[in-house]
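Summarising the annotation, TrEMBL assigns FAD binding site to E34, A35, V199, E393. Sequence annotations record features per position, and here TrEMBL assigns substrate binding site to F310. Here TrEMBL flags 14-417 as domain 'Amine oxidase'.
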Amino acid sequence: MDKKLDVVVVGAGLAGLSAGRNLRTAGKTYAILEAHDRPGGKVFSEKIEGRTFEHGPQFVNRDMTEIVALAHETDQSLTRTTLAENAVFIDENRRVIDPLLAEIEERLTAAEIPENQSVKEFTRTQLKDPYLEKVANSLFSEEITNDSNEVSLAYLLEMSERYLSNKPENGFQVAGQLSNITDFLAELSGERVHYGDPVKQISGTEGDYTVQTEEAVYHTKAVIVAVPPTAAKRITYSDSLHEHFGEALSSFTDGAVIKYTWIYQEPFWHETETENGFKAVGGVVSVNQPGAAIADSSTEQDTESRLTTFIGGKTAKQYAEKSPEERFEIVLDSLVNAFGEPAKEYVTVKEAVWVNEPYYSGGYSDALRKDGLKDAAKILRNPYQGMVFAGTELAIGYPGFMEGAVRSGKAAVQELLGS
């Protein structure tokens, strides 16, 4: 492309599409370069036989104002996630673990954080109970979709502080398809979005950048890299950019998550025999498969009931190496262990694997390494010589969520145009 653009945006996920919308509003010339053949990044909805499956993120709450507004703009309402009254959490052996989860939260809040301590080091030194340690490691591995020994405890606490709501994250879901939102944002940018052409190199300096893809060359005054840090690290940068951003990009580690959505005619888990008698179960934390969890993901609008299995971190990477059939049998067995034979009576099930994805990155989002730069996110989200990064990992509010991605893309444009 011979004409010099005001901005090139790398990535057409929520952050990149949000940036594009705000550049359009500001009257700037821009292009959005996407490696894959569709917009949305990890937002990926699929409709099969009248049922919508969200293979990536799916939960929101009403304090997530940007994503809620986008739902309304696309004529979609919110539907409440329906948890049974007095629902409890159990492990796969049907032990009620709510008191343990409360203790973990209390210990975590009160913890003094040594320099470069990993999440796993915290569980080993502060919990001092083998079973409690197993529960905590599994819980955190699923939450950060990473090996708890690799991720900074300070980062985990900071992510919690940047969750700007006292409402649960899973309170609502969009009564439609989340891909409607990303399709809407992509349509706003229209032909400015270029698909199937990964960015390979960014060179130049402020006011005069060259962005090279596999198929084309773009000239631009400024650049917004709106892909996860581990994916952004695979791009080659000119020396001055690498010197400024390189260590910050290397401070993040790639996550991994596998997700199963199970459809059932009846919510049999509302009457589960636990060690404390029959209880309604809202979720399961696995102690034998670290990073594995099960959640009741049914909504008010559903005529059927749903469970969602999440497998994060090291366990997800191990399972990704197995055949789909072998992986499925392991996951189904974990459901049967938790809920009994009714778990086998599913209507249908769909799997999504987010592991070793070169352009989206794996997991819900990247996480900060225990030996990474503490201010890596700040370095990346602040413009330098007309270049800035965006993504849910870098968001000041709601990192790791769709809301964070939308806010980050918007903030990147504001910072870039104001710098």
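Each position is counted from 1, following the chain as shown.
Glycine is treated like the rest: Cβ placed from N, Cα and C.
Keep in mind it's a predicted model, so treat the numbers as computed, not measured.
Positions of TrEMBL features highlighted on the structure.
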| residue | record | DSSP (3 states) |
| --- | --- | --- |
| E34 | FAD binding site | coil |
| V199 | FAD binding site | strand |
| F310 | substrate binding site | strand |
| E393 | FAD binding site | helix |
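With a cut-off of 8 Å between CB atoms and residues at least 6 apart in sequence, the same chain places P228, P229, F252, S365, D366, A367, A377, P399, G400, G404 near E393 (FAD binding site), listed in sequence order. Taking each of the binding-site residues A35, V199 in turn and counting other Cβ atoms within 10 Å of its Cβ gives the largest count for V199. Annotated pair F310 (substrate binding site) and A35 (FAD binding site), C-alpha to C-alpha distance, rounded: 26 Å. Per-residue pLDDT, averaged along the domain 'Amine oxidase' (14-417), amounts to 96 for this model. Fewest Cβ neighbours within 10 Å among the binding-site residues E34, F310: this applies to F310.
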